[in-house]
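Worksheet: the structure to be examined is printed underneath.
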């Protein structure tokens, strides 16, 4: 009987893509996935450490999962991802139930680490940078949940060194994946029925800059769009400093590139942006948004915002609210500032009391709620293109080019098709419609 594994993933799309690769790798060595951790022979926590809350969740889950050892003493517990990278042996000392620990840099070593752990050793392998044999990571099959949309990691790491962020420590310096490797994976995915390609990176718009002969990210967009069968292209996450005019032009020029973009601004105050070391001003950010809206028809913007960064005043916070009012984002991921160990911001004077952060967060969410209500109304009566991804409770569900979930009545044979629907009802995060026609 084959062994079973259970995997729980925290954090960003990069982590979810890493988990897809881990799942594919484990299946090549005879493991089967289970949704019940209590029957697993191997439990993997793929972790995030961008804020304190995910750290605490991991420790809580480890406390729960250790019960499996009583039932199955040979069961193994593994911790992967950014928390593993940041803490290493420190976490193992806190939670000795951990048998295996590895980072995103050496996922391909997991079979070897399992063998070490089964022999009774603590299999802890944390690398500070991508190994020379990193291409092995891309060779293993990816086990996806979505048949029609696929993540493709194109760059790892980040060189920006924002003062609040642990990503440069946990994911390393920016290292772009080779163009031929990306295109080969996209071709394989399309051959497998994928219609939407989602390019991923901590700073996806910096792709190609670290090559001996740099290649602009816009060129990658053109190359991917030329692959027969690629119907949609998305990319996440870009950095405002690297969103150049040629990328905006490519977004406008390439039919497959969706009119949706996630572009974190983090704070509206130039003083706070300087303390964060973001490398742009409020005015420069808004200028890029203006160019995007001018060039890319009906573009839907989403963003990240940090509330309560050290020394943030009421005036600073008002600048953040002003950006929300001016841009009118369709989705805002907002977080109270969480000091991360080893970052300059954690040591700054003027830490903001939690009750002040909470109150500012309340006001931000209230403003964004009113903006979303107004945006939702504009969708009613419009015609939207939807890639049908799943059937649920007798309805077909997919996403528009603007990344809105949409549902409508239709035959399951439409799964994987791109259709037009007329929106008859809208809410801030989803649409309901009626089928008009099948496009392709």
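Cβ coordinates are placed from backbone N, Cα and C, and glycine is handled just like the others.
Break the domain 'MTTase N-terminal' (3-119) down by DSSP state and the numbers are 64 helix, 23 strand, 30 coil. Annotation comment: Swiss-Prot describes 3-119 as domain 'MTTase N-terminal'.
Summarising the annotation, Swiss-Prot assigns [4Fe-4S] cluster 1 binding site to 12, 48, 82 and lists sequence analysis as the type of evidence. Within 10 Å of the C-beta of residue 82 ([4Fe-4S] cluster 1 binding site) there are 27 other C-beta atoms, taking all protein chains into account.
The domain 'Radical SAM core' annotation in Swiss-Prot covers 144-374 and rests on sequence analysis.
If you take the C-beta of residue 162 ([4Fe-4S] cluster 2 binding site) and look for same-chain residues 6 or more apart in sequence within under 8 angstroms, you find 266, 276, 277, 278. Among the features that Swiss-Prot reports, [4Fe-4S] cluster 2 binding site is placed at 158, 162, 165.
According to Swiss-Prot, the feature domain 'TRAM' maps to 377-437. Within the domain 'TRAM' (377-437), the DSSP-based counts of helix, strand and coil residues read 6 helix, 37 strand, 18 coil.
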Quiz item: If you count Cβ atoms within 10 Å of the Cβ of residue 158 ([4Fe-4S] cluster 2 binding site), leaving out that atom itself, what do you get?
Solution: 21
Quiz prompt | Length of the line joining the Cα atoms of residue 165 ([4Fe-4S] cluster 2 binding site) and residue 12 ([4Fe-4S] cluster 1 binding site), in Å | solution = 14
Quiz item: For the binding-site residues listed here (12, 48, 165), which one has the lowest count of neighbouring CB atoms within 10 Å of its own CB?
Solution: 12
Quiz item: How big is the gap, in Å, between the Cα of residue 82 ([4Fe-4S] cluster 1 binding site) and that of residue 158 ([4Fe-4S] cluster 2 binding site), rounded to a whole number?
Solution: 13
Quiz item: Cα-Cα separation of residue 12 ([4Fe-4S] cluster 1 binding site) and residue 158 ([4Fe-4S] cluster 2 binding site), in Å?
Solution: 14
Exercise. Between residue 48 ([4Fe-4S] cluster 1 binding site) and residue 158 ([4Fe-4S] cluster 2 binding site), find the distance joining the two CA atoms and give it rounded to the nearest Å.
Key: 15
Quiz item: What average pLDDT does the predicted model assign to the domain 'MTTase N-terminal' (3-119)?
Solution: 88
